[in-house]
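Written out below as structure tokens is the structure these notes cover.
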Amino acid sequence: MPATLSLLTSNLPVEKRSYAVGVWAGIAGSGGVIGMVGSGLLLTQWSWHSIFVGLTVVALLLLVLAFTVPDSQDAELPPFDLLGMFWVVLAIGTSVFAVIEGPSRGWTDVRVLVAGAAGVIGTVAFILTEVRAEHPLLDVSLFRRRGFSSGALSITIQFLVTFGVMYLLVQHFQLILGFDALGSALALAPMVVPLIVMSLVSPAIAAWAGLRVTTATGLLTIAVGLLAILRLDTGSSYFDVLWPLLIMSAGLGLSAAPATNAIMLDTPLEKHGVSAAVNDATREVGAAIGIAVSGSILSASYTSRINEVLDRLPEPARAPVRSSLAGALEVAERAGNVGRPLADYAKDAFWSGVEHSALALAAITIAGVLILVPLSPPRKAAESGIRRRRRRHLPWPTHAARTSRSDAHANDRSMASVRRTLDP
């Protein structure tokens, strides 16, 4: 994914980049939903092994397509930063483990404490290593640029809350509404429509309203969708659940492309590969943290509620009921009509966890807006940065050295359009 974004921004003229990034963001964001639909189709005919066979076929097709794109590389390849890679894997892996295991094992559990401490140590060590490295895995000085850092933070929050809520609602579709794997995937498919539409129009909106306003509005729209989930319950229909999802999807489409543009526009042209990699990494890290946070809150809330009735159950039934809603429903089904109250109570306990998770995700989103508004670069500062970039990289793409006088005027007009995407 980083290579695709870097190719777009380095090979297209300036006036087409924002729209191209919008298309890229819409397709990248909807890919997860489309992938789930494809997986659901495979599972209707074959076992879960077929998913990995399908992914292998797709990977081979992508390998063939890779030969159709232009090739470019540095004349001298720098050595790979193995130490930096070790520290970043340690930091992310142990931090996610601590967040996932904390609610079930307890936050004072030795393994959770050790994992949390390792995450902090790994993060600090990674930063120190990258600052001192001659050829760092990540040039951390890029985060001093307000457009770059605000864009990275925005994308992290967007994917944190999006994948967090998808993790919750897929279980709701299957365990409460009774959908199968394909039905659950198709239930999420309508999200693709507002996501792509808003991704295509968001560059124009950002050019009119500014990056700061557009990104903040998109995140607040996501928060509204999350808060709308609090109005639902276990008796809500699919269409009751759908409209909060569509609101969230529209907010994601509105904010994703401008945030990606902020990262790329605030990075020197020769570092577009690094900035594209950061853009992709923030998506993956945000998604992992979002699933971990949602899963942790859901588990803690469900366990707290279900513990109130465990002493009324036979000893063999307590462990599966306490473990998850799926386990509780299995026990209730075996008990027949006698188990119906248990199933209803377990569903209510599960939905309580969904509400707590949605509320936490909404709070994270709103807190992110409060951080991003002052962090995002003002328009004047951004304009001066773009002027410096024009002097350093005049013109932007390599082929522009051969542009005519009329082409130069066109570049001036396109640069004015880029400046309008940044905040007042």
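Just so it is clear, glycine is given a Cβ too, placed from its N, Cα and C backbone atoms.
Here the structure is a predicted model, which means the values were calculated and not measured.
Feature annotation from TrEMBL assigns domain 'Major facilitator superfamily (MFS) profile' to 1-380.
What TrEMBL lists as transmembrane segment is 20-43 (among others).
Residues or ranges marked as transmembrane segment by TrEMBL: 50-70 (among others).
Taken from TrEMBL, the feature transmembrane segment covers 82-100 (among others). Below 8 angstroms of C-beta separation, residues 112, 115-116, 118-119, 121-123, 125-126, 129-130, 133, 136-138, 285, 288-289, 292-293, 295-296 of the same chain, each at least six residues beyond the ends of the transmembrane segment (82-100), sit close to that stretch.
The feature transmembrane segment is assigned by TrEMBL to 112-128 (among others).
Away from its own ends, the transmembrane segment (148-170) comes close to residues 32, 36, 142, 184, 187-188, 215, 218-219, 222, 226, 229, 241, 245, 248, 252, 255-256, 259-263, 266-267, 275, 278-279, 282-287, 289-291, 293-295, 298, 354, 357-358, 361-362, 364-365, 368, 371-372, 375-377 of its chain (Cβ-Cβ under 8 Å, at least six residues beyond either end). The transmembrane segment annotation in TrEMBL covers 148-170 (among others).
Panel annotation: around the transmembrane segment (182-201), residues 19, 22-23, 25-27, 29-30, 33-34, 36-37, 39-41, 43-44, 166, 169-170, 173-174, 218, 238, 241-242, 245-246, 248-254, 256-257 of the same chain, lying at least six beyond its termini, place a Cβ under 8 Å from a Cβ of the stretch. The transmembrane segment feature in TrEMBL is assigned to 182-201 (among others).
Annotated transmembrane segment per TrEMBL: 207-230 (among others), in sequence order.
If you look up TrEMBL, you'll see 242-265 (among others) marked as transmembrane segment.
Beyond the transmembrane segment (357-375), the same-chain residues lying 6 or more positions past its ends with a Cβ under 8 Å from any Cβ of the stretch are 146, 149-150, 153-154, 157, 160-161, 164-165, 168, 212, 215-216, 219-220, 222-223, 226-227, 229-230, 290, 293-294, 297-298, 301. Positions annotated as transmembrane segment by TrEMBL: 357-375 (among others).
Marked as region 'Disordered' by TrEMBL: 382-424.
Averaged over the domain 'Major facilitator superfamily (MFS) profile' (1-380), the predicted model reaches a pLDDT of 85.
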